[in-house]
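According to TrEMBL, the protein has these features:
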DOMAIN    55-295  domain 'ABC transmembrane type-1'
DOMAIN    319-553  domain 'ABC transporter'
TRANSMEM  21-47  transmembrane segment
TRANSMEM  53-70  transmembrane segment
TRANSMEM  135-164  transmembrane segment
TRANSMEM  235-257  transmembrane segment
TRANSMEM  264-290  transmembrane segment
Amino acid sequence: MTPKNAVSSSSTIPLNAKSRLYRVALGWTFVALFEAVAYTFLAISIVERAEPLNVIIAAALAVLVTVLVTRSGFLSGARLAGDLYTAVGRALSKAKLAWFNEQHRTQLNQLAERGIPGFMAIPAHQLQTFLHAPLLPVFLVFGIGVVGGIQIALLSGALLAVALSAQFMAQRHLGRSDKDRNSADVQATKSTLELIDHFDLLRSTAGPKRAIERIDQSWRAQKRVYAGINQSASVATFISTLATILPLAGLATYLVWMQIDQPLLILALLILITRAAASLGELALAGFAINDVKASMNNYGQLTNVPTLPEATGDNAAVPSNHKFELNHVSHQGLFENVSLEINQGETVVINGISGSGKSTLLGLFLRFDDPNKGSISLGGVDLKDIPYESFIQHIAYVAQDPIIYTGTLADNIRLGNPKANDEEVEQFARYAELNELIDSSEEGIHQSVGQKGSGLSGGERQRVAIARALIKKAPILVLDEATSALDEATETRIAEHIHHLNATAIIVTHRDLKIWCPTVELTINNQKVNVQKHTADTVRKKMKLEHESDALAMSV
């Protein structure tokens, strides 16, 4: 078993992806070598006025190697992206749900939409830039030595080294000016997601103009960052151009100064030095690529190194024998201290308390969204930490306060709770959740579209779809977190009756009238304590009967 709040081990690029990158990197080294050999044969053929056969063969081999390595780079890039998406998915699937907040959501959005797709360019493009571009001049210097002699080769090497140093300094300057781009992009993305998710609220409370103030501020900050980057890019491009010209101008000046009167030799040497210098020109805006990779690697490392909950495996794993919950001296986040209680199988539990008292937090502990800071929680006599999560979730159906509805049909959304359910079962549980009117409103029935992410549904209908999804799972424990807040009392009462007939353990957080749910256990959170009040089924029925009689008498009067 891993320690509490352990982190995922997938914090680096997977080994199989690394091995592919190494092979592609070696391939780009060979591309540079073969290209340098082809240019050297060309230069020798010019000087010696030889037949072009050797040049053609060398050029054909260089082209063949380039095509093979480029193809391998594209395929490796696609596989790399797949490996990284898989690693992120595995890490997030085990992450503590308390870890998911707006900042991490934005970070994940950036990585998924821009970071990992950007990694796809590493084998085919960025390795070419950072390996082929600097290695080709090195190999061509040897070619220059073969054609023009050691002295000219040393001069060419010195000129190319100066040009490379200038490129490096330009890229460092560009990189420093570009360092704030990623944070500006993240903030802009965060503001955009906030606007999309809450546009109706922002527009109705702040008005059309003020609704976009926050995102406008992010866009303006992003614009300022990009303006600075453009200025630095102009400087870097100018320096890169000078650095590209320097080797050619320097060698040409030397050849004139030494009064070399062999036109073919001069032509051959200028061809070689021009190709070598042009290769360095490919580094002109490499600083952007470096920062993109660094930012994406940082995000990837953080998102695959998320806090997780310990999970039992092998001999340590156990399965609960029943569905009785027990809390033993549980304390958590200062919201409640030293809580001990039992919830027997089949009971209906209502959790109440003032806003912010910790109702949803306590519910999250039952669902094992987090582990308590102190104490333990067990199900069927087994500590939740010792129940494999895949097994644990089979025992529980959960309805959140803000239900998630997916684009598709009504049936698609409900069937998520039980993928094997047929249409008859789907419709049955949809009607249990009081979706009769919605189903009957369309000839398509349960196969009608719910719109983009449920946009075609009202707030109450969204909650009822989520309730139907939970009911069809037929889990022995049902957990509802303000799941009926958008429903009228009559509809909520009918749903509560359906749930009572299931004989499942029901744990409910509600601000509504508790009598609707006929609770056998009331948990009231107050001043870091959880007060437990238990009722027998007979007591509940008598209480409900007295309240109904009282209501009827009041109405008659």
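Backbone N, Cα and C define each Cβ position, glycine as well.
Tertiary proximity for the transmembrane segment (135-164) is limited to same-chain residues at least six positions away from its ends with a CB under 8 Å from its CB atoms, namely 28-29, 32-33, 35-37, 39-40, 43-44, 47, 243-244, 246-247, 250-251, 254, 265, 268-269, 272-273, 275-277, 279-280.
The list of residues near the transmembrane segment (21-47) in space but at least 6 beyond its ends in sequence, with Cβ under 8 angstroms from a Cβ of it, reads 13, 54-55, 58-59, 61-62, 65-66, 68-69, 72-73, 76, 80, 122-124, 127-128, 131-132, 135-136, 139-140, 142-143, 146-147, 262, 264-265, 267-269, 271-272, 275. Sequence-distant contacts of the transmembrane segment (235-257) (same chain, at least 6 residues past either end, Cβ-Cβ under 8 Å): 152, 155-156, 159-160, 162-164, 166-167, 169-171, 173-174, 266, 269-270, 273-274, 276-278, 280-281, 283-285, 287.
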